[in-house]
Every structure is written in C-alpha cells, then in structure tokens.
C-alpha cells in the first residue's frame, strides 16, 4: 500500500493541513510539511484522535444549544432611537435574523423585531415584512393580544460577501463577524460595496425569473410602532422602487443560492449555528417575501464557519475530481502484477520481469526499442541493463548485432531468435498474401520446361569458349583480359533424336574473386556442367565449383576440354575427380564424362545430348506458365540510354510487358524485354532469360523477383526490403564498443584507413570487387580498407563530391566519368583509378595499403673511435682526443659511450668535431680528432660508437 501524505489526510478529515500537522506534533510524530508521508500505524492513531475530537465537539455544541437563553425582550423606543444614531453615520452591523421553526401553520405568526431606525418612524406607515429594509429588522414581536411563540435566537453568522448592503437598494448589508467562542467582540463592518459590482437581488432583477417559493399564509400586519418599517415610508406611501440591475457580476462574487424549502426560510448548513445574511422574518407572499430570511450558506472549506463540503471538495481542485478521495480495492490482476514486479530480478537498480525462457523473434538489425516493445519494457531500462551487465555503450534506437541481442536475452532469461533473411522475406510476402517459390495450381497445370544449365570451372579452362562453340558466337574475344567477369545467360536450341529441345546456359566467372557469382549460378540451375582442362587437371576453383553444385543438390556433367592439345590427359582428370566423389560411368559411377574441344568444336553435340539425357533421367522439369511470373535476377547494370536493366531468369509463370514487378529493393513496370541477342520479346516463359527495362534502380545480383497485382504493392514491398536491409547493414557495420575494449577502440580510431568508392558496369562485378578488396590482409592493424560508396554506372558528380569531402579514392571498373566530371575531379584533387581486369585492381590496392604503413627504422652503425686523451675546455667540459678505429665519425650523429664492452651512456650526440684546430663534418678511419659528446664522465680507452636510424621497406 502506498504511503499517505499529510494533505491527503487533511482532505479526508475535512480540516486544514496545519491542523493535521499540529495534531501530529501533539502525538509526538515529526513531519516536515503537508507533502510529507505518514506511516500506516500513525494514520490509524490520527484517525482515532480526530474521531474523538469530532465527538467531543459535537457534544459541546449540543450542550451550548441547550443552554441558549430565550429571545431577549424588545428594547424600548428610547433605546431604539439611541441605537439608530450610529447607523446614520455609517454601516452598523445588525443582529441575526431569528430562525423560523419548522412547518409554520396559517394563522398568527411572530413578526420580526424592528431594528434600529435612523429617525422617528411616521405612524401608520408599516409595510409588509417582505418589503422592509434589512437594516431595520430585528427579532419578531407578537401582535398585541396574541401570545408569541418562543423562537430560539441563533447566533450571528459572518458574511463573506462584501456586496450585501441595501443602503442604496442594491443588496443586503454585510453581516457582522461573530465573536470567538466564549468571548464577545465588537462587530466589524465590511467594506463599502461598489454599486456596479453588486449582484442583483434574487427576484428583483429586471428580466430575471422569480425565485420559486412555497405558498404561505399572509401574516397580520404589525401595528404602529410594533415593527420597523422603511425610513420615510408609510402604509399609503409610494411603492418601493425596484433597483436597476448593474453589470453582470463575477461568479466569484455571486452569493450562493439554493431552492427555498416550504416555509419561506432557508435552513443554514453552516458547521456552527449562525443566522442568515438577510433580514429575518420570512415576510408575506410578496416577490421578496422570506427571500433573504435564512440567508445563503457560505461555500467554504470544511471546518470553517459556513463551510460546505470538506477540504478539497471543490470540483477540479488541483486537477483532481471533487469530493473525498475514494479508496477502491485493487483487482486480482493488479495485485498479481504488483507481486510479479516485486519479484522481478534487478539489474543495476532496474527491475525487469524474467522471461522464463520465452522465445522472442527479432529481425536483423533490431534495436533495444524493438526488443522492449516485444517484452513490454521501457527501452531506457534495457539500455541500462546492457551498459551494466554487458558493458556495452549503446542507444535505444541503435541497430545491434545479433550476438548482442542474444546475450541480452540470456541475461533476461529470454531466448532470442534472429530471423534469417529468407524467413524475413517470406514473412514479408505472407503479409501481402503472396507465396514465393512454389507453383500455383494442380498437376494438370504444370507443363515441361527447358533445363537450366550452369557452366562452371577454373579460370582459363574454356567455359566461355564452350558456350561460343555451342551458340556459334565469339564472346570470349571481347572480354577484358580474356576472362569472364559477369554472369551471362543464353538459350540455345538443339536437336536430340529428331526433336528440338531448348537449353538455357548460364556462364559463371572462374576467377577466385567471383565466388558469390558461382554460388548464385549453382542455386539457379538444374544441371551443372563442370569444365576441366585436360592438360591442367583439377584446380582450386574446380573443387569450389564441385562444392557449390553439391550444396545446390544438382546433377553434374563433366566436360573434359582441350583434348586437342598434345599434353592432354583425360584419364588423369577422371582419376583426380574420383577423389571428389565424381566417378565416371565407365568406372561404375553415375556421372557422365564427355571429352570435348571447344576450340576445334569436337564432340559438342555429344555434350548437349548428355545434358538432355541427364535432365530426362534424373529430373522432372515442369512449371505452371499461367501463374504470375517469379524468378531470379542473375545480373543487373545501369545503361546510359535505357536506365536500370536486370537480366532475370523466369523460373515459374510467364513474364509479360506491362507487369508490375518487384526485384529486391527495386520495383517498377516492365516497359520492354530483350533476349540475349538484343531482340524485343513480349513474354518470357519458364526457363527463359531476358533483360528487363523499367526498374526504379539497379537491383543486386541474386535478388528474387516476382510479379504483383499493382505498383502500390510493389512499392511497399521494395521499401520494406530496403529498410530491413539498411538496418542489417547498420548492425553489421557497427562495432561492439565495450568497457573492456574502449582503449583499443580509441587506438583503432587513430589508424590509417584507405577509403574507397567502387563504381562498376555490373552489379555482380561491384559485389565481387568489394569482397575481394576487403579480404586483403596488410599484415598489420595499422591500416585498413573501408568502402564508403558503391554503385553501378558511370562516375557521377555526387561520387566526386563524396570523394573530395572524405578523401576517398574512386575505383572505376569498366566505367568512366560522365560529361565533364573528369575535369571536376582534377580540380578537386580526387584520385580516380580505372581498371578492366579485377586482379589488377586488387594488386594496386594492396600496394597502396602497404604504402600507407608507417615506416620502420633500423639502426646502422657509422663508425667507432677510441679515446686516447681527455682535454678540459672552459665552459665546454671534457673533450675526448680520439682516433677513428672504423667507419666514419660524423658531426650531429647519434652516439653511445662503451666502457669495457658495457654501454655507459646512450642517446648521446656528436656536438663538436675538430681536426687539429679546424671544425670538420666528418673524420674517416685512421685519423685523429677531437670529439665533444656533451658527457664529462669519459675515460681513456673508452669507445665512442656512432650510428644513425635508416628507414627500411615494409613487407
């Protein structure tokens, strides 16, 4: 239970806070202010004390009411005349109005006692009781001949409305403040009211509705001299003028009003007995009869005279609802949650509920805000936990690596699962009710499709030459350096057993830098053709291609190339491939080997036949051509005239011109499609490679593409993919900065970095070049490579501006600057390097890294001299007379003093060097000289050795 504050107790008791503070001090409890908290036992004692005091107060009030005397006798006319004198000069407080008894019956009733008058009243001029001025009203006196009914005289009640005077007919006169209990005091008149600020009298305002009153019988008119009338008025005088209403008063100045109960007089609800503010009597049935008899109770704080509700009862006070605070019981769920929070483990002062092994799925690059949202915890608390428990400095919105999220989950007893990119993309597509990777429809909807064949192997083993022989083209002659540096896709038609069959070939690079391309080609293929040179045998990239094919679970057909060379040995190749699990059919295996010569065009038809037989025997290649197209982006690049272009392989469905397509983080509408020969096509069926125009940007090679119903869905999917990939890259690039490696991180921040901006003609080439450059090992931590920009297409002005501001080097791979950007780069001093072969770029960047290394120095001995004599020179010190034993002694060279083979002093300098009386710069072997080294503790036969530090090349 929460502790209660003093002001809350005061509100509950209906008293002021200082009264509660005083009571606590009487009880011996020390509290500082009304905002201090009070313990539960003290609250109980305080409630008992206040309940006892309230009972005693009520008993005292009851006794006082019993001891109240009867109404005083009416004063004599002389006393009334004397009493009227001070009222003429100023406002004199008048006595309280007698409180009428309950349920007045028709008949003779007591008339109000006339109060002091300003002058003698004319005879016969008595008005109605409801029309008498408030200042001339006193206790009621019975009519002559009638027995008056005793009415207890209530005590005076103080009025808090300064605008209650009726001297000018604008309201009632202020009521005098009652004296303190047990004593008497002179009444103090209130301030004179301003006529414009006086509230209109109820029932007398022009246009105001009359106050509802119960009908009462008319009281007999008092006789002459028995009731106070209006000064200067008589029975036959003119009627009393109705006061004109002033301006609308402020609600704070309005007197509180309540509906008049039957009987005309309103009962007082004050906490202590007191009369009303108006004149008494409850007159006749006139418009003001009895209107002010009871007076309106003051709305004040509890415990004060005239107070209504308790302290804080005003609605809206301090932003709280009106009335006393309610203490409702907490539900079981709230109590259970509080108990759970109390039992939650604390991490560095932060309580976080335990996960109890609950599994939390987070995407790549998630932040603490994402984690906190999943477990319903404030991210600021998680930041504190990471800093105190894991020792890492992070922010709530920073993308975190997967291992950091998993470590945090272990600390909080959660099992964190980082969603893989494949699952992430599948969940994204499922949110749009899209299924990727499966054919839609029944078995009857599936139709045969052409096999997709990937040609793989080591560099320079003849892969592209083989495709040229199959297509009767000469692609290899146009490639830079004679090597393939991007993926090419082609579809050819061959005749097998008199039937035309289509085969789609994918040519992959064989250079070691294109590992990702070979893996991508193997994933998109049905059959892998492994090309091995008969004169070279199995090489590293050959073994890597075998691993990719086995990982993709595709059958392999081996083409032993270059059998026309005199050094060719096909049997040796078969024996080597046996070690990798590829056993030829003639050796009892299930792998087909075909000996070919791509250059001489030998046995090419046999290779195509072997591919078709393998596809028919081991694979059931079918697809639904009627569904929306899905497939894979093999390559992508930026064309100057056509914009973003992507070479895609349709795997399912049919791609048509005008379809809305999304490929990775790129989207658009298919404007045109081209085949491998540059001819326009209107649709592409399964296993057909085409070039697509119309994408918003260049996608990454290897991204999947699919056709959606409209451009809006394509845009949403592409934007969400881009955002997720960006978060993943941020998490990958962020380095874990812990308290343990803080100093090391600061030192790494001071190391040299080679900043690069890579621009290439193909997306796959840029990817391969970046991966190869980041793998360069300079052999030290002093330098590093950081790629700050990459892209496909010509070198733009934005690339040059970025390089100029960051000091980066631009690498153009088969691209050039557009327009006058080359001149801009020269003016801004930006270094642009152009390459057409990937290994040339790798070699030069590696050389540049080594050139950035800090130089290393080695010590080289110059010469030695033996001391023969010691000379004392004034203001200089001891000077050695020596003979040069070896090498050369040079002035300002570094020196050390050696005595009996032990270094006596190091870090000395040859300050002076003389040959006889001449200053010289050096003295060679065999000559005598005077040497001053600035060191006086020298002895005969000491050796002076001179040396210098020379820079040595870094390996």
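Any Cβ shown, glycine's included, is placed from N, Cα and C.
Looking at 441-448, 449-456, 457-464, 465-472, the range tied to region 'G1' in Swiss-Prot is 457-464. As stated in Swiss-Prot, the feature region 'G2' covers range 482-486 out of the listed 477-481, 482-486, 487-491, 492-496. Of the candidate ranges 553-556, 557-560, 561-564, Swiss-Prot annotates residues 561-564 with the feature region 'G4'. Swiss-Prot assigns the feature region 'G3' to residues 507-510, out of the candidate ranges 435-438, 499-502, 503-506, 507-510. Around the Cβ of residue 563 (GTP binding site), 19 further Cβ atoms fall within 10 Å across all displayed protein chains. Mapped onto three states, the DSSP output places residue 463 (GTP binding site) in helix. Taken together, the residues of the region 'G4' (561-564) have an average pLDDT of 91. Per-class residue totals from DSSP over the region 'G4' (561-564), listed helix then strand then coil: 0 helix, 1 strand, 3 coil.
Of all the binding-site residues listed here (457, 460, 463), it is 460 whose C-beta has the fewest other C-beta atoms within 10 angstroms.
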